[in-house]
Amino acid sequence: MSGHGTPIPMTSSPCGPLSGVAEVPGDKSISHRSLILGAMAVGETKITGLLEGEDVLDTAKAMRALGAEVIDHGNGSWSVHGVGVGGFAEPENVIDCGNSGTGVRLLMGAVATCPISVTFTGDASLNGRPMARVTDPLALFGTQAVGRKGGRLPMTIVGAVEPVPVRYEVPMPSAQVKSAVLLAGLNAPGQTVVIEKEATRDHSERMLAGFGAEITTEQTADGRVITLTGQPELNPQVIAVPRDPSSAAFPVCAALLAPGSDVLVPGIGLNPTRAGLFTTLREMGADLTYENERLEGGEPVADLRARYSPSMVGVVVPPERAASMIDEYPVLSAIAANATGITMMAGVKELRVKESDRIDAMARGLRANGVEVDEGADWWSVTGMGIGNVPGGGTCESFLDHRIAMSFMVLGMGAQNPVSVDDGGPIATSFPIFEPLMTQLGAKVSRD
Ligand code: S3P
């Protein structure tokens, strides 16, 4: 459930060694993009390793509502019969993207240059998030958007009938905004250009090239300049989705905190635009190694081995690394609480507009468990207490945010007393097997 159902209170108790192999689910970002680009190609795209979390399942439903045939073959194996660029049909009903900012923002882009109207909604978290960051650039194509005050969902997108190509400099580091503009550019004639000052995850660019679109990326003094030639015919692909580094972060960090642990997390995507957490953990002194590094489907992949790391130290995380670990700051703060010294995280104001205000959510929960946190508009710092010295014993609000809930579960594994969350339900949006997987490694995670 993602905010529609009964809350699921959960508790994580201090545990002994975590050991074994943690097979985390497929990458969420790549899963959304596989379904959407598959639906915009002509013919059958085959996908294995798709994340079957609520966020991605909502995108699969949306693709069906827009006219693509999406078939679940079981075990993460899916196929999509696409309708071609510009071929989406007007859905008969409102599209509910649940908790997923990525789902709704990418879909808004994908329909923006089709001559159809589509109304989007989501859960309480998603309906509170800003959409003007996407609808502003889409307006340049000729797309109209009518939503609630402050550019919030529910919102209707009226696609441009005669779209024009766009040149757009993304004002904030956001792969969702960049991708929405690129997806809209697919059905505009001529060249759409997107400029980003800081590099964000580049799965859309890689996958568009894989589907046969003409797309180039150039590093200039102004940043990364991405040029897409519109109205291509996209060719269906065979896609093996790598496992999600953002989900791997939880068993990896848990292993660093639980005494005696040794956990292998195989087949993790290590695209440099996503791997900032692992760099930071190694700088802190974590016993984290990459084994069997390889390329799979155009993405770098490795097996991660994480062992109990009792002597981690606080670090300054450079702002220019923020985009490559933006979803991992919550769990990093649980590690920082167990390091010695202060960990300073700056240049992170985007954390305030995620599924929750993640600085506020983590600060409240960490303080409830005896950890000192300071914060400003775009920075926060955690004062480390040394491994195993976090008192715990607190109950934290998860604010309909999967990563907040899982980060507090990790905190509890290395604390002196259990740590609880009011609602672990949102975990199903991105990591539906979190509880059985962590339990099988030796964690003590329970529903209250
Ligand atoms: C994502 C981009 C990021 C990230 C989100 C997934 C994507 O959001 O936080 O979980 O798949 O493009 P922003 O674009 O808001 O930074």
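Placed from the backbone N, Cα and C atoms, the Cβ positions cover glycine too.
Away from its own ends, the region 'Disordered' (1-22) comes close to residues 54-55, 98-99, 123-125, 248, 251, 254-255, 258-266, 308, 392, 400, 405, 408-426, 428-429, 435, 437-438, 440-448 of its chain (Cβ-Cβ under 8 Å, at least six residues beyond either end). Residues or ranges marked as region 'Disordered' in TrEMBL: 1-22.
The domain 'Enolpyruvate transferase' feature in TrEMBL is assigned to 16-436.
Among the features that TrEMBL reports, 3-phosphoshikimate binding site is placed at Lys28, Ser29, Arg33, Ser174, Gln176, Asp327, Lys354. Mapped onto three states, the DSSP output places Ser29 (3-phosphoshikimate binding site) in helix. Its own atom aside, the Cβ of Ser29 (3-phosphoshikimate binding site) has 28 Cβ atoms within 10 angstroms in the protein chains shown.
The phosphoenolpyruvate binding site annotation in TrEMBL covers Lys28, Gly101, Arg129, Gln176, Arg358, Arg403. DSSP classifies Arg403 (phosphoenolpyruvate binding site) as helix under the three-state reduction. Taking Cβ-Cβ distances under 8 Å and a sequence gap of 6 or more within the same chain, the neighbours of Arg403 (phosphoenolpyruvate binding site) are Ser246, Asp327, Pro330, Val331, Lys354, Glu355, Arg358, Ser430.
Secondary structure at Asp327 (3-phosphoshikimate binding site), taken from DSSP and collapsed to helix, strand or coil, is coil. Per TrEMBL, the feature active site, proton acceptor maps to Asp327.
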Inter-residue C-alpha distance, Arg33 (3-phosphoshikimate binding site) and Arg129 (phosphoenolpyruvate binding site) (nearest angstrom): 21
Alpha-carbon spacing, Ser174 (3-phosphoshikimate binding site) to Arg129 (phosphoenolpyruvate binding site), which is rounded to whole Å: 14
Cβ under 6 Å from ligand 1: qualifying binding-site residues of Arg33, Arg129, Ser174, Gln176, Asp327: Ser174, Gln176, Asp327
Whole-number Å value for how far Arg129 (phosphoenolpyruvate binding site) lies from Gln176 (3-phosphoshikimate binding site) (Cα to Cα): 13
Nonlocal neighbours by CB distance (under 8 Å) for Arg129 (phosphoenolpyruvate binding site), same chain, sequence gap 6 or more: Gly101, Arg152, Leu153, Val353, Glu355
Which of Lys28, Arg33, Lys354, Arg358, all binding-site residues, has a Cβ with the fewest other Cβ atoms inside 10 Å: Lys354
Around the Cβ of Gln176 (3-phosphoshikimate binding site), the count of other Cβ atoms that are within 10 Å: 23
